[in-house]
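Here is the structure we will look at, set down as structure tokens.
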Amino acid sequence: MDNTFEKSFTKAQQLQGISLGSFIASVSFSAIIFTLEVLAFLVIPKRFPDFYLLLDLALMITALLFQIIKKNWKEYIATNLVRFDYYHEHFDRYFFRRYLRSLAVIFTPALILIPPILIPLNYTKGKTAVLGVSGLDALGWSNVGLDQADRYWAHLILGLLFIVHVCWVIWNELAFYVAIRQNSPYAALCTVLIESIPDNWMSEKALTSQLEVFPGVVTAISFNRDYSLISRLSERRERLARSLEIEEISKIRKAYRAGVQKRDKKSNFPKKHRPANYKSRSLFNVFAWLEHEKVDTSIVYREELLKTSKEMEFHRATRERFPLLRSAFITFANPLAANIACQTVIHTSSGYMTPRTIPLSVDDVIWRNVNITWKDRTIRTVLSNTLIMATATACVIPVALAALLSQIIYITRAVPWLSWINELPELLLSLLQGVLPPLLVAVLMKGFVVVLEYLVKKQGISSKSQIDLKIQDYYFYFLFLQVTLVASLSAGLTTIANEMEHGALLAGTLAKNLPKASNYFLSYILLQALSISANSLLRFDRLVGDFVLGPIFDKSATQMMTRRRGQDLQWGTFVPLFTNLSCIGFLYAIISPIVIPFQVLVISLFWIIYSNSSILTTERDHGGLFYPKAIKHLLMGLYLMQVCLIALFLLVRDSQGNAKCIGQACLMLFATGLTVIYHRLLSRAFNPLLSFSPTALSEGLAKKAMPSPPFLHKALTSIPAISIPSDDNGMSSARALELREELKSVVISDTDATITASGKIYLN
């Protein structure tokens, strides 16, 4: 039995690549889905121009094709795709496009240099199918002939050049970001949010005395208060406003159906067409339906809305009586003081007067978290991180199984009872190996994102931008470990158990299976690139929401506008997808250089798609904070590339079984040490400048200091709005006028939408 399994493992270890059919199936599937979504995008905007404001992208692509025909394409690309001015742009959108540009700067020179040299070296006089190397692997590392070990010097030299080039780009991009940030409005913010303030400092006088050591003066101190009562009233008022809006629309629909011409003088609606409630004088309204005293439903909502609004205004006017919370917004006259305050240890006891953050705006504050003590926040963080790690660990098995599917032919050789899979039609087998694995991984990633966002938000962080940055960290490392490392190991899972029993190192096992795993990642890159690009164009989630879920659940114009507006783009889960794809490109740049042309193709596709800023649907601007983090994440891909190349060099043997690349391995190990030193210098040089401004800019910051808006709780500033769709009979105008006179604290509009005689609502 052991001998049988030993032979099976030996067969499984043969470096046979993915079949050309599997690769073509993967590319074809991705291309078909992409083409269908692009065609849908080109058709739908003409039919629903109010939904898709992206037709200008299609016009831009058409103009580019026209300029290519006229041979003016170079000037057009330089004007419309390369040159863009950050001063007139949304910073987050700008830096995302800058990130794509940085990736293009990394991979384009690699495309010119690496594949033309390494692919012929790998293919010429290689092992070919005689020794088990076939398919796309014939173009990669594993095909170099047994007696051609000297060729690996080319792999080493190109690898070192690639490493130097990546390090140069990373340094330049971080320097560029720092220069932009120090000249942006975000460097001149003057307000600091300080949490976990001790009891003896809970007064303006005591807090000012502790903060007067910083340059400038403290111009304002605003302690946060427990406005939970006003928040509940605000939520109730919003629900009443929505209910009243729906009732008013219901009246208009009923009047249309009844063909109303003569209207009640007071309400403009016949009484028999008014929705009614039963008003009871009995205890708890238990027998209201028996008393038969009908009351217009809208009158009930208006009375409750007016009552709630008056109660809210009373509490807002007397908000000083609400209990203080242990956090406050401190506004300095000098922006430099705000930067210094965030970096200085203020209290003698650990945990107090922390965290200290500079909110980007009022909308950046999460008000329910500003009263969490440092002890509670620590407990929340520990529990959240534990659950995140447990969830990530639970994802190992499905990711491994998905990657294992990409090597199903190897598995059938190692496990005899799976031999029936070989009898499947070639097309089905190609789809099973090339399409299904990356598709399953992509679905799993979506599920993990939902869990990750929920758990990070429960940590008690009071800044939305900081939550996005933490999610970006967690999600990138999850993708990097699961999609890259676990999938690489799983692609050769049948060999791992056998090699571990014989004491093989993990690095060696990983390196041996990397050439085979490159085929899986090639499919993954294509599927991710085409699906992300097509979905960005078509906005499938919003399409389903507007034309499937909307007609079912949206009963008012406000609900329709809320759904149409959609959610802001979550940079914390969006950017790591591109970073991980780039790290995969780093890993296989030398091992399987055929990956590089596809990387350049993918980046070019992303560049064209996202050159239109309207596709990046986001209103909030975090000042491009995700950019330096994404740039530094690229170093993880560089480290993995170096470690795997060291292991691969050590595994190289000639026909006599002798190690032939010890020198190359030692040089790559030395380069890895230099990369660690470079990383340390990079962190020391740029980390302090990524979030705060240096004292050398004190004069410039003082001149650019902007008056900070008051950081008031949203319950103190929220204003409900009711949108009544206009109609041909003028009923909505009359109702809007009446509501404006009665509900002074509610914004009433009758111009946002239109209702037809059939009762259908269209947004204007």
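Glycine too: its Cβ is placed from the backbone N, Cα and C atoms.
Predicted automatically and left uncurated, TrEMBL annotations should be read as such.
Feature annotations, reproduced from TrEMBL:
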DOMAIN    23-173  domain 'CSC1/OSCA1-like N-terminal transmembrane'
DOMAIN    191-369  domain 'CSC1/OSCA1-like cytosolic'
DOMAIN    381-649  domain 'CSC1/OSCA1-like 7TM region'
TRANSMEM  20-45  transmembrane segment
TRANSMEM  51-69  transmembrane segment
TRANSMEM  99-119  transmembrane segment
TRANSMEM  152-171  transmembrane segment
TRANSMEM  387-411  transmembrane segment
TRANSMEM  431-455  transmembrane segment
TRANSMEM  475-497  transmembrane segment
TRANSMEM  517-538  transmembrane segment
TRANSMEM  586-610  transmembrane segment
TRANSMEM  630-652  transmembrane segment
TRANSMEM  661-681  transmembrane segment
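Listed by sequence, the residues of this chain that lie at least six past the ends of the transmembrane segment (661-681) yet keep a Cβ under 8 A from its Cβ atoms are 149, 152-153, 155-156, 159-160, 163, 167, 635, 638-639, 642-643, 645-646, 649-650, 652. For the transmembrane segment (586-610), the list of distant contacts is 57, 61, 81, 96-97, 100-101, 103-104, 107-108, 110-111, 114-115, 118-119, 122, 136-137, 139-141, 155, 158-159, 162, 166, 484, 514-515, 518, 521-522, 525-526, 529-530, 532-533, 536-537, 578, 616, 634, 637-638, 640-641, 644-645, 648: same-chain residues at least six beyond its ends, Cβ to Cβ under 8 Å. Model confidence over the domain 'CSC1/OSCA1-like cytosolic' (191-369) stands at 80, taken as the mean pLDDT rounded to a whole number. Within its own chain, the transmembrane segment (152-171) has Cβ neighbours under 8 Å at 102, 105-106, 109-110, 113-114, 117-118, 121, 141, 144, 586, 589-590, 631-632, 634-635, 638, 641-642, 645, 649, 652, 660-661, 664, 667-668, 671, 675, 678, 682, counting only residues six or more beyond its boundaries.
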